[in-house]
Amino acid sequence: MSDAAPASQSAPQPEPQYATVEQQAEAASFGMWVFLATEVLFFGGMLLAYTWLRANHPDGVAEAGRHTTVVIGSVNTLVLLTSSFTMAWAVHAAEHGRQKALTRLLSATALLGLLFLGLKGYEYHGEWTEHLVPGLNFHQDGPHARTIELFYFLYFLLTGLHGIHVTIGIVLIALLAVRARRGAFSARYYTPVEVTGLYWHFVDIVWIFLYPLIYLVGRSGP
Amino acid sequence: MTTATVTGKPEEPVVATKNYLTEGGVTLRSWLLTRDHKRIAILYTLSITFFFFVGGAAATLIRLNLVTPPGIFTPDIYNRLFTLHGVIMVWFFLIPSIPNTMGNFLIPLMIGAKDLAFPRLNLLSWYLYVGAGFLALFAILIGGVDTGWTFYTPFSSLYSNGYVVLALAAVLAVGFSSILTGLNFIVTTHRMRAPGMTWYRLPVFVWSNYATSVIMVLATPVLAITLILVAAERLLKVGIFDPALGGDPLLFQHLFWFYSHPAVYIMILPGFGVISEIVPCFARKPLFGYKFVVWSSIAISVIGFFVWAHHMFVAGISLYAGLVFSLLSYVIAVPSAIKVFNWTATLHKGWISFDAPMLYALGFIGLFTIGGLTGLFVANLAFDVHVTDTYFVVAHFHYIMVGGMVSAYFGGLHYWWPKVTGRLYPEWWARIAALLIFFGFNLTFFPQFILGYLGMERRYYSYPPEFQAWNIFSSAGASVLAVGYALPFFYLGWSLFRGKRAGANPWAATGLEWQTPSPPPTHNFDRTPTVTRPPYQYRPEPEPQDV
Amino acid sequence: MTTRTTGLPRSYLFTWAALVGLLAATMALAYVPMPGPLNLVLALGISAVKALLVLALFMKLFRAPALTRAAAAAGLFWLAVLFALSATDYLTRKVEPAGDLSAPTGREYQQGDR
């Protein structure tokens, strides 16, 4: 969590409330998992709303889904999956005390995150020009216009909140990269890398579920 | 001093010169940037007390308005008053009350730790709370909110003319404060226990705060997302809860009560913990059925998630769902009843002394039982149809929240006051306050059961004349209650400067928190204690020194 | 864990390849017309497999302490509670006709939001 231990290469000292460094590392990792459980329910509440919409207005949701930009969505999925891979690799490098590799892999992960956000922004721009932004710039015709509006209402909230999570992740990972470059981590102390990695993988998992729910709806239809 | 040996004797009154109040400086800066869980607990206590009086002032005005129909306020002002009362009391007093003050102070002491697992997160949690509190006050001062604390859609999202978005933001922020506290407690309980402090040696107070934390961590995020959905709907005029767009307002209620019913257990479970500490100490007996008490706390925190739609019986959910939730609501009465039986059995053949904490505890048991039993009434589908949105429901949950939780809060405050401040409070004044609160409370809220049963609706600024007599009783009770709540403010304040020095263990209580000086040193224990015995090892009969 | 000179464990590379393969599969399958909710079931099934891969190999969940697994399980269990108990209402609620949605809703008189 935010309670990072003092950076020291030789003999890391635990914070005063802990007896040992191991206890501190376990507490940080467990704390992150508890936080991720919280996050599951945070996104879960909105997924319930999505489920309700889709169950009650299946045709409208299918039509709305066909308005989404599946190419960007798929490329973005690839980007995030790859960033998860580089993050896992980064933790592995930290575990083995390879400072240079760690710095590079963290930087790569942050850059992939930025690429994701860039593509997402481009996609938002496209939706603005197509009048798909509920409440601000929405104009659609047809029998399902209302459902499309609700779909996009949830779409912007889901992807927006996910995007905030990605942004926070990028900041955290970039800070870690800077610290790694300064040699803050070693094979004996890399808890912040591990814990931030857990967070980043979780953000990836959220997207893994958002992808079919947003971009693949109604693709087999007319 | 460093082991959990239970002497039963009060320690020699030692004036601890080096303690958490003096170590690390006494400047404002040293307090506002502290990471010491005990100082953060003090910060919480001060801010929570402030909000308690804000919410209490609103309650006073409400009761004043209801003395003479049609009252002294316009309907619009009245709506804002009960919303203010609800929002402040629920989110800025009841939810954080015991966990963030006593839990924060005591959990590390009780488990033999130096601090919580994440001290910085703990401080952040307080800043979130205070920021959210000021945001809520700001929303009230510039015009208020008239939705009720429940923010029901589509009124809150499309029609209300109050500052709903600001209030939603405040509740969202205080929700994150609550999540961080819960997370901190869970990790601390799992990872920071002293050697020998096994799970079944934990005081029930720690267990019940743990159970509370599980709810905080798993329910609050759903509230957060729900409030975001409402705020977005209000700002964009488009949303999933709007029936005109094909949305479902009941979805809001499902999501809201998925948090807010378990939140009721956030408000009461820590109270169970306090009572489970006080009753054995003042009955000089081990807690009867320790494991049952422990597991009933866990059961409540889990089953508490399965009952939310009993708030929606008449809202339009299906009859089948009503049956399921009614049944589940009966189920949760079982663990609550187990606790009441266990406390009662602890009293049986005990050597009971009626000090102020015990008076509050006994009051709690009685009032909580009434609140719990009337909970069974409203869990019943047919009866609930009759009393939904009446004063019967208002009385029911005030018996739990005020008769239960606030009594437990005051009981705990008196019980641990010597530990926190190093001073004894004036016992007779405290007993008078405890009795005033008990009688004032019953006079305020028992008439409301009758009013509700007769059909008086809640949240109305006026009522038909035949209800006036009961309302006058209720308002008279409220003034007694107000005196009861104001008294401790004065005599506890007095005791800070003039109270007798307490010594480490003025109650001859068991538990690690009493094995360290009062007030405790910054890192709680000089040496990490080793625990060798279960909790509540009180002797069957008192020793002469106890008298 | 086998490490080569690059320091990249093979298992991570295989996991990544599997994730990309599943991504391609789920995308392709989405365009195949299938009866009923089969498209959705397949899509979510594949997502679940992908999530499990990330959990198991990148987050090392199944080699983590029991406590950690309990935290993860708790999140999922309570999510299931939210869905399952809401379903008792939504699956059995009698849907009344929505009525005339062009009827006045009261919002016509609404002032600007503050």
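Cβ from N, Cα, C; glycine included.
Just so you know, TrEMBL annotations never went through curation; they're auto-generated.
What TrEMBL says about this protein:
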type     : residues  : note
DOMAIN   : B:25-532  : domain 'Cytochrome oxidase subunit I profile'
REGION   : B:512-547 : region 'Disordered'
TRANSMEM : B:41-62   : transmembrane segment
TRANSMEM : B:82-111  : transmembrane segment
TRANSMEM : B:123-143 : transmembrane segment
TRANSMEM : B:163-187 : transmembrane segment
TRANSMEM : B:207-231 : transmembrane segment
TRANSMEM : B:251-275 : transmembrane segment
TRANSMEM : B:287-311 : transmembrane segment
TRANSMEM : B:317-338 : transmembrane segment
TRANSMEM : B:359-383 : transmembrane segment
TRANSMEM : B:395-416 : transmembrane segment
TRANSMEM : B:428-450 : transmembrane segment
TRANSMEM : B:470-492 : transmembrane segment
Positions whose Cβ lies under 8 angstroms from the transmembrane segment (B:287-311), at least six residues beyond its ends: 200, 202, 204, 207-208, 210-212, 214-215, 218-219, 253-254, 257-258, 260-262, 264-265, 269, 272-273, 276, 279-280, 317, 321-322, 324-326, 328-329, 331-332, 334-336, 338-339, 342-343, 345-346, 348, 378-379, 384, 534-536
Intrachain residues whose Cβ lies under 8 Å of the transmembrane segment (B:470-492), provided they are six or more past its termini: 49, 52, 56, 59-60, 63-64, 66-67, 69, 410, 413-414, 417, 425-426, 429-430, 432-434, 436-437, 439-445, 447-448, 450-451, 463
Stretch contact, the transmembrane segment (B:163-187) with the transmembrane segment (B:359-383), Cβ-Cβ under 8 Å, 3+ pairs: no
Residue numbers, six or more beyond the limits of the transmembrane segment (B:395-416), whose CB comes under 8 Å of its CB atoms: 89, 94, 97-98, 102, 105-106, 264, 267-268, 270-272, 274-275, 277-278, 281, 355-361, 363-364, 367-368, 370-372, 374-375, 377-378, 425, 430, 433-434, 437-438, 441-442, 444-446, 448-449, 451-452, 488, 492, 507, 513
Tertiary contacts of the transmembrane segment (B:82-111), as residues 6+ beyond its ends and Cβ separation under 8 Å: 37-38, 40-42, 44-45, 48, 51-52, 54-55, 58-59, 62, 122, 125-126, 129, 132-133, 136, 140, 144-150, 162, 167, 170-171, 174-175, 177-178, 181-182, 185, 188-189, 192-194, 197, 202-203, 205-206, 209, 212-213, 216, 263, 266-267, 270-271, 273-274, 401, 405-406, 408-409, 412-413, 416, 419-420, 459, 511-513, 516, 520, 524
Cβ contacts the transmembrane segment (B:123-143)/the transmembrane segment (B:41-62), at least three under 8 Å, sequence gap 6 or more: yes
Cβ contacts under 8 Å made by the transmembrane segment (B:41-62) with residues that lie 6+ beyond its boundaries: 31-32, 34, 73, 78, 81-82, 84-85, 88-89, 92-93, 96-97, 100-102, 104-105, 126, 129-130, 133, 137, 420, 478, 482, 485, 489
Intrachain residues whose Cβ lies under 8 Å of the transmembrane segment (B:207-231), provided they are six or more past its termini: 98-99, 103, 107, 151, 153, 156-157, 164-165, 168-169, 171-172, 175-176, 178-179, 181-183, 185-186, 189, 239-241, 252, 255-256, 258-260, 262-263, 265-266, 269-270, 272-273, 276, 293-294, 297-298, 300-302, 304-305
Segment confidence, the domain 'Cytochrome oxidase subunit I profile' (B:25-532), expressed as mean pLDDT: 95
